[in-house]
Amino acid sequence: MRKRKVAIIGSGNIGTDLMIKILRHGQHLEMAVMVGIDPQSDGLARARRLGVATTHEGVGGLMQMAEFADIDFVFDATSAGAHIKNDAALREAKPGIRVIDLTPAAIGPYCVPVVNLADNLHQGNVNMVTCGGQATIPMVAAVSRVAKVHYAEIVASIASQSAGPGTRANIDEFTETTSQAIEKVGGAGKGKAIIVLNPAEPPLMMRDTVYILSELASQEAIAASIAEMAAAVQAYVPGYRLKQQVQFEVIPEDRPVNLPGVGCFSGLKTAVYLEVEGAAHYLPAYAGNLDIMTSAALATAEQMAGAMHSAAGATA
């Protein structure tokens with residue numbers, strides 16, 4: 001079976017970790033080119049040491065390379081603004097190319113593998129939301145498939161050391177993109193996202209808190225749905241886990257809570273507490289926020305490539 005060749009744009013933390021994952025674990029994918037803009041970057045130097053072709057001239061440099069003719073997938077780990085330009089350039093040069101967007105740009109549909117990848121296998125561009133979205137949206141969706149979710153709020157706490165310049169430059173986009181995806185993918189009527197950069201030393205692992213307000217439903221059914229969804233995420237992010245038991249609170253009709261922008265609410269409040277430990281392929285174990293993004297992106301592209309192979313076999 002022919003592996004699909006891959007280029008990664010962005011030689012920072014996320015791009016480098018993703019490269020190492022593909023080199024070690026790629027089933028349908030083969031690492032071909034690492035693209036950066038800083039000739040002195042550690043990511044480009046590491047790629048060269050690992051035998052991967054590189055360019056420090058951005059997406060323009062990639063398109064000038066002989067290897068570009070064989071590239072089927074491009075992962076973009078730059079920034080929201082850069083991705084818009086990168087996608088346009090790639091699409092003009094190669095209309096059928098598959099682009100996996102790890103920025104908050106969201107040109108294509110939001111993709112959270114365990115929730116909606118099957119609906120997006122044939123998209124030309126998919127957006128991996130954010131680290132907080134990849135960790136928490138599965139929990140919102142787990143409740144949503146049992147009961148109607150009116151409101152979901154997530155708080156993602158990540159180690160300050162794991163937040164590179166791209167993450168820091170995209171804080172506003174993080175909250176906006178995650179909030180929208182909580183609604184569109186998670187199924188919540190209204191979503192809200194908060195990110196906290198924790199400066200603690202030694203750095204703490206990624207922690208996520210998810211508050212979900214839904215119609216009254218069986219607490220046992222919701223807890224079972226959450227456990228099942230957590231196991232599905234663990235299939236591609238082994239360090240993903242429930243930190244403690246799911247907590248429930250019934251909010252009675254005669255004592256509703258008032259949510260600004262949503263209104264008065266009564267029903268069931270579900271609280272989910274998560275921890276994400278990184279696989280430490282390139283990044284430290286505390287950087288679970290970056291690991292879950294690269295793991296989700298790899299799982300998405302692998303399944304897309306597998307579907308392409310199956311389709312090619314069916315028409316052969």
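Residue 1 is the first one shown; counting continues down the chain.
Glycine too: its Cβ is placed from the backbone N, Cα and C atoms.
Annotated features, as they stand in Swiss-Prot:
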type	residues	note
ACT_SITE	C131	active site, acyl-thioester intermediate
BINDING	S11, G12, N13, I14, S162, A163, G164, P165, G166, T167, R168, A169, N170, N289	NAD(+) binding site
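Features as recorded by Swiss-Prot, highlighted on the structure.
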residue : record                                   : contacts (Cβ under 8 Å, 6+ apart)
S11     : NAD(+) binding site                      : M34, V35, G36, D38, S41, D42, G43, L44, A47, T54
N13     : NAD(+) binding site                      : S162, G164, Y282, L283, A287, L290
C131    : active site, acyl-thioester intermediate : A156, I158, M206, N289, L290, I292, M293
G166    : NAD(+) binding site                      : G10, G12, I14, A77, T78, S79, T103
R168    : NAD(+) binding site                      : L197
N170    : NAD(+) binding site                      : S79, A80, T103, P104
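Looking only at other Cβ atoms within 10 Å, the busiest spot among the binding-site residues S162, G164 turns out to be S162. Once the Cα atoms of S11, G12, N13, I14, S162, A163, G164, P165, G166, T167, R168, A169, N170, N289, the listed binders of NAD(+), are compared pairwise, the greatest separation found is 17 Å.
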